[in-house]
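Structure first, commentary second.
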Amino acid sequence: MNSLLMITACLALVGTVWAKEGYLVNHSTGCKYECYKLGDNDYCLRECKQQYGKGAGGYCYAFGCWCTHLYEQAVVWPLPKKTCNGK
């Protein structure tokens, strides 16, 4: 019984730690949201929260808004069968 409880607790913890992350994407163009102030960035944080909910985080990484703490079905860049501006 104790072993089952420990396994369940570990699986719940792993699910929490391994949340999805990725670049914020514009669904109409297929492009990443650009940013220029690397690191903590109010713009990226605001856009990630607006698109993915209050629990999401965001910062500027490699000149694109990187969102954290996303739900597993969240759509992030790159979009399947859609390239940025047809490139």
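Each position is counted from 1, following the chain as shown.
The backbone N, Cα and C atoms fix where each Cβ goes, glycine too.
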Of the candidates Cys65, Cys67, which does Swiss-Prot name as forming a disulfide with Cys44?
Cys65
According to the record in Swiss-Prot, which candidate from Cys31, Cys35, Cys84 pairs with Cys60 in a disulphide?
Cys35
Which one, Cys10, Cys31, is listed by Swiss-Prot as the other cysteine in the disulfide with Cys84?
Cys31
Disulfide-bonded cysteine for Cys67 as listed in Swiss-Prot, from Cys10, Cys48:
Cys48
Restricting the comparison to the disulfide-bonded residues Cys44, Cys48, Cys60, Cys65, Cys67, which residue's C-alpha is spatially nearest the C-alpha of Cys31 (disulfide bond)?
Cys65
For Cys35 (disulfide bond), which residues in the same chain are close in space, meaning a Cβ under 8 Å from its Cβ, but six or more apart along the sequence?
Asn41, Tyr43, Cys44, Cys60, Phe63, Gly64, Cys65
Three-class DSSP secondary structure - Cys84 (disulfide bond):
helix
